[in-house]
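Student: Handing you a structure now.
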Amino acid sequence: MAHHTAEIPAELDLTPGTIFLEDDGSSAALHGVKRTGDGIVILHPQPSADPNDPLNWPRWQKCLNFAIVCYFTLIVFSILSVQTITWSALIEEFGYSITALSHSYALNLAGLALGCVFFIPLALMYGRKPVYVFTSVVLTAIVIGIANQKAIGDLYAQQVLSGLAGATSETLIQLTVADMFFVHQRGTMNGIYAVMVVTGNFVAPICAGFIVQSQGWRWVCWYNAIFMGIAALLFIFVYEDTKYISSSLRIIGQSATIQTSHQQEEPTLGEKGTNMTTSSIHGIERGSSNDARVDPPEIPRHGYLRRMRLYTMSPGTNPPMYLKHMARPFILMVRLPALAFVAFQYGILLCWIAILATTQATLFLYPPYNFDSRGIGLLSLAPFLGTALGSIWGGPLNDRYALWVAKRRKGIHEPEARLHGLVLPLITTPSGLLIYGISVAHGTHWIVPCIGSFCVGVGINSSAVILVTYYSDAYREVGRSVYRSVPSTLW
């Protein structure tokens, strides 16, 4: 990768995604590479000597930045998930049909599926911060608009736009994690991110149910607008962009077009957009010993105003590059089957979330359940508990397992080792879906479908965290905007 200051020796170069993650210091070939404080775990990617490099930030600053994007994720998924809780109130006030409301939800998912195709190229070219700021401001305005809707057409338009803007919380967060954290930390960070996702998906509806009953459905929107407005202010005045351009690349200028950050920005497609192989991608990703790197002995930390600037433009950025970035996910899914597999699996997981949300909001309104908004909201507690357990399994436990496997393999870490953790969701997801579907179809006691949704929650979140971390490890430079390109509207 382009960020090396201590290059991994060429004689130890491995297949794409495979790295030396652990070494006891006995290997002379690995002498000089940067490691964790205990000297055992090798840092990937290797940080530069620049204190402005996000990999070199102090822990408190990494945690602050990550906390802001986690808060943003929580509110985004709250906005996207609470809509089904308000359906009964919308039916009563506007006379909307269940079919029309289901269509609005489908439009929202369509926006989620397509949003990253438009926004991630901007994040790669101009930095993460402008995209975060823009989408948080837009979402604030959209939620205010939802509270003031007059007809079903208004709701349709607002749901499409909220899906498009909210899509950044599906992919841009992983890009931010890769900017700041090392390979051995990413499973844990993605697990924390997943907790925020499921909290927004399943805890927010619980709160929304009580708000609808006590204050009216519009206050669900007002609270979300307030919280998202706070996120916009945090992004403007507190969040520091994690896109990093080394000082050497600023000097090199035009020659740095294909190499713009420690997590090398998306490699440019060839003229015809098809002459990219896995090996060529990996070559750009890892960089080489011939990379022009000149780290000054002492680089001052940027001041507050410099750190808070709204964009960080890559050298050589131009409009055609945006179109190439938009096309890349679709081309790469054809050329790299592993990425297509991850994308398809993630899309299916989103389908299960959509199924739970829509069936709970409709089927439990009628006999034999006759739940009100509060009851429907409380149904989300079971999948939330399941997803919390899944986050632990797919996050910190998966990180520990990956380190354990690397130690057994003489320090070599292969991303595929993370996929061993899919054994648990392979059991819990289908069994949970069967329990949930059969019990609801037969009108059994509500605790039975809750057991099913709990099992589904375990499978959904553990799978999502493992898959996201796997592709981040295996295809760090090409996978960021790919998996969301498989429409989550398959259902």
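Placed from the backbone N, Cα and C atoms, the Cβ positions cover glycine too.
Heads up, here are the entries from TrEMBL:
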- 64-491: domain 'Major facilitator superfamily (MFS) profile' (DOMAIN)
- 63-85: transmembrane segment (TRANSMEM)
- 105-124: transmembrane segment (TRANSMEM)
- 190-211: transmembrane segment (TRANSMEM)
- 217-239: transmembrane segment (TRANSMEM)
- 330-355: transmembrane segment (TRANSMEM)
- 375-398: transmembrane segment (TRANSMEM)
- 419-440: transmembrane segment (TRANSMEM)
- 446-471: transmembrane segment (TRANSMEM)
Student: Tell me whether the transmembrane segment (63-85) sits in contact with the transmembrane segment (217-239), defined here as at least 3 Cβ pairs under 8 Å among residues 6 or more apart in sequence.
Tutor: yes
Student: Across the domain 'Major facilitator superfamily (MFS) profile' (64-491), what is the average pLDDT of the model, as a whole number?
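Tutor: Taking every residue of the domain 'Major facilitator superfamily (MFS) profile' (64-491) together, the mean pLDDT is 83.
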Student: Mind pulling out the one from 105-124, 190-211, 419-440, 446-471 with the most Cβ pairs under 8 angstroms to the transmembrane segment (375-398)?
Tutor: 446-471
Student: Kindly say whether the transmembrane segment (217-239) and the transmembrane segment (190-211) touch, using the definition of 3 or more Cβ pairs under 8 Å where each pair is 6 or more positions apart.
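Tutor: Per Cβ check, the transmembrane segment (217-239) touches the transmembrane segment (190-211).
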Student: Which range wins on Cβ pairs under 8 Å with the transmembrane segment (330-355): 105-124, 419-440, 446-471?
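Tutor: Top-ranked stretch among 105-124, 419-440, 446-471: 446-471.
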Student: So if I exclude everything within five residues of the ends of the transmembrane segment (419-440), which remaining residues of that chain have a CB under 8 angstroms from its CBs? That is, six or more out.
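Tutor: Distant Cβ neighbours of the transmembrane segment (419-440) are 352, 356, 359, 363, 386, 390, 393-394, 397-398, 401, 405, 448-449, 451-460, 462-463, 466, 470.
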Student: Which residues of the chain, 6 or more past the ends of the transmembrane segment (446-471), have a CB below 8 A from one of its CBs?
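Tutor: Sequence-remote neighbours of the transmembrane segment (446-471) are 174, 186-187, 190-191, 194, 197-198, 202, 338-339, 342, 345-346, 349, 352-353, 356, 364, 369, 371, 379, 381-391, 393-395, 398, 415-416, 418-419, 421-422, 424-437, 439-440, 479, 482-483.
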